[in-house]
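Taken verbatim from Swiss-Prot:
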BINDING   G43, S44, G45, K46, G47, T48, R160  ATP binding site
BINDING   T64, R69, E90, L91, V92, G118, F119, P120, R121, Q125, R193, R204  AMP binding site
MOD_RES   A2  N-acetylalanine
REGION    63-92  region 'NMP'
REGION    159-196  region 'LID'
Amino acid sequence: MATGGAAADLEDVQTVDLMSELLRRLKCSQKPDKRLIFIGPPGSGKGTQSPVVKDEYCLCHLSTGDMLRAAVASKTPLGVKAKEAMEKGELVSDDLVVGIIDEAMNKPKCQKGFILDGFPRTVTQAEKLDEMLKRRGTEIDKVLNFAIDDAILEERITGRWIHPSSGRSYHTKFAPPKTPGVDDITGEPLIQRKDDNADVLKSRLAAFHSQTQPVIDYYAKKAVLTNIQAEKAPQEVTSEVKKALS
């Protein structure tokens, strides 16, 4: 991490947060840089593992949806262009998304690297991402593919139930409420998200596989892909992820 750049970045940190930011940088200074991509279908556990890896290696988590919303809200030049596209009902171009990722990488919390989640979804996007990273003199270090059988995913997702006001979640098989269909704390009814039914899930998985397999093949040819057996218990998956990144 360049010292001059790091010092300049501190100008953007509010005084009240300055000490915690300096302590974070001290802790992170000995960590190796890592630029990672997490690939996996809905329910594969990426969201569970991302915070663990982020904290362990002092990385930032880059979700394309979050970055687009932040760029639009802060009215950056790229954010303005993205907003124009969205207001016209158009897809935000690959170049624009890569540009927003490029901007996000300049943030102090991304100086040791990042976890990219939700991008790239196509080989063209992967190529554009590689081109941008090459201009920065860097590259993707590792792509983790959270591989899991569709039948296991269906069991995981279709059994999920939520208590709307608190966000508490249950599972009919793995973490059932004391009384079926009722929140343990309030006694209020539980609901199931619209996306958590078998038909919607099968459609999403079919789209994921057809769209993402070429991306998996792309990174496999570059010898940076590791398959993670995501059907295991979360702690076992964490161990496998750490082993892959060591």
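Glycine residues also receive a Cβ, built from the backbone N, Cα and C atoms like all the rest.
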* Asked: Among G43, S44, G45, K46, G47, T48, R160, which the record lists as binding ATP, how far apart in Å are the two most distant Cα atoms?
  -> 17
* **Secondary structure of R160 (ATP binding site) (DSSP, helix/strand/coil)** => strand
* Structure fact -> The rounded CA-CA distance in Å from G43 (ATP binding site) to R193 (AMP binding site) is 13
* Surrounding residues of the region 'NMP' (63-92) on its own chain - C-beta under 8 Å, 6+ positions past either end -> 99-101, 103-104, 117-119
* Within 10 Å of T64 (AMP binding site) (Cα-Cα), which of the binding-site residues S44, G45, K46, R160? -> none
* To do: Measuring Cα to Cα, tell me the gap between F119 (AMP binding site) and R160 (ATP binding site) in whole angstrom.
  => 26
